[in-house]
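As recorded in TrEMBL:
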type	residues	note
BINDING	Gly10, Leu11, Ala12, Val13, Met14, Gly15, Asn33, Arg34, Thr35, Val77, Lys78, Ala79, Asn105	NADP(+) binding site
BINDING	Asn105, Ser131, Gly132, Gly133, His189, Asn190, Tyr194, Lys264, Arg291, Arg454, His460	substrate binding site
DOMAIN	182-476	domain '6-phosphogluconate dehydrogenase C-terminal'
ACT_SITE	Lys186	active site, proton acceptor
ACT_SITE	Glu193	active site, proton donor
Amino acid sequence: MGLTRIGLAGLAVMGQNLALNIAEKGFPISVYNRTTSKVDETVERAKVEGNLPVYGFHDPASFVHSIQKPRVIIILVKAGAPVDQTIATLSAHMEEGDCIIDGGNEWYENTERREKAVAELGLLYLGMGVSGGEDGARNGPSLMPGGSYEAYKNIEDILLKVAAQVPDSGPCVTYVGKGGSGNFVKMVHNGIEYGDMQLIAEAYDVLKSVGKLSNDELQEVFSEWNKGELLSFLIEITSDIFGIKDDKGEGYLVDKVLDKTGMKGTGKWTVQQAAELSVAAPTIAASLDSRFLSGLKEERVEAAKVFKSGGFGDILSSQPVDKAKLIEDVRQALYASKICSYAQGMNLIRAKSMEKGWDLKLGELARIWKGGCIIRAIFLDRIKKAYDRNPELPSLLVDPEFAKEILDRQSAWRRVICLAINAGISTPGMSASLAYFDTYRRERVPANLVQAQRDYFGAHTYERIDMPGSFHTEWFKIAKQSKIRGHL
Ligand SMILES: *[C@@H]1O[C@H](CO)[C@@H](O)[C@H](O)[C@H]1NC(C)=O
């Protein structure tokens, strides 16, 4: 056998699938894992899935030496210490000009640290977000590589073929930018994903709890929605979920699933970064909070007892609702809420890009999310077009087309949230989106009062609307004098 074109280390399912995908696109690939059975398993799968050019190695030295120079090795192991260990193992055998690509969900600063560390050895480094789950890795993921441009150029031909292909908008990959930008963008992608899932869950809750829709009806509704502006992977799988019967008993599986959401951390990082950069991301934060509260299952069970025994049981009214109207209202509320959530995510990326000098192209990011990844949706095309129209757009909300879409939907949006509030059904994501919109669109917000309070107790000073400068007032003294006068 001659030298292979690329290598991949870390053969859990994602790694195996990505290796097979690369091989299938015609690039001979070397694979390695410390657990040698994983190597044999991958080579076996390559045989079964079409005699794909996958070559397995049981030791790091022969693995590295089997790859043509400049060598490119993708590592797909758990983020954190395992990445450092794998880099140490492999880099010992690599040479100047070779490149390491970390395809994990890594914290962007770790990538920047490693890029510097391996540069001392003359190695190039990329941190590449990979989205689309196991299926995406095998059949075409969305790829978000950031770091060394030279390294990107060395494997651009591979990435262009391996990524998901979307008609009229090309492969779902682009050189994102320098440093840890690829990881950062993937992190925000995941935060947006949290938001989308929460908004869909709230739509489900309102339709089920207020509208009394059955799972069959829900399946129908979501599959209808998936034919229009909400068309997306998450809406599609949601529709599928409502159709699946429980294989261990009566009824539908979704009703047997424990209402406790797990998480791995990227959503939390997104919210932390938003706070760090002073960017409001309330919809994404609400989705994270909802996961935290969902985790308190036992406490919620007890709380429900307390409020029921206190006479506060089911406050859902028995008033009949117009189902068709509710369904259409919820559809519009979901769409409008989603616009606000994406506006937050995009603004977070822009803020970081400015802080770090990454020069990220927001429209291009929307384009590479159109296929392969979990948030893929027809809606992303509109986002791309909004940034094509105006790359300096301060917020998606003020793009003329999105502004119109929101205005067209705001009555329905408000109706759904009012209905939910009155029924005691929480819609934290939709409500956060609406509050975000209602704050952002207002010329004057009550921050004047907060500023006055700050100046009152802390002499923090304030600015005036009618003249320049910074002012301080002895609020307390004046108030005291007028109180005394009042008593006289
Ligand atoms: C190999 O496989 C094991 C277990 O599946 C995993 O923990 C490890 O990180 C993998 N990667 C490498 C590079 O050895």
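A Cβ is built for glycine as well, from the same backbone N, Cα and C atoms used for every other residue.
When the recorded positions Asn33, Asn105, Gly132, Glu193, Tyr194 are checked against ligand 1, Asn33 have a Cβ within less than 6 Å of one of its atoms. Fewest Cβ neighbours within 10 Å among the recorded positions Lys186, His189, His460: this applies to His460.
Residues listed for substrate, Asn105, Ser131, Gly132, Gly133, His189, Asn190, Tyr194, Lys264, Arg291, Arg454, His460, cover a largest CA to CA span of 49 Å. Cβ neighbour count within 10 Å across all protein chains ranks Met14 highest among the binding-site residues Ala12, Met14. His460 (substrate binding site) is 41 Å away from Asn105 (NADP(+) binding site) when you measure Cα to Cα. Taken as a whole, the domain '6-phosphogluconate dehydrogenase C-terminal' (182-476) shows an average pLDDT of 95 in this prediction.
Between the CA atoms of Thr35 (NADP(+) binding site) and Arg291 (substrate binding site) there is a gap of 34 Å, rounded to the nearest whole number. DSSP assigns the residue listed as 'active site, proton acceptor' to a helix.
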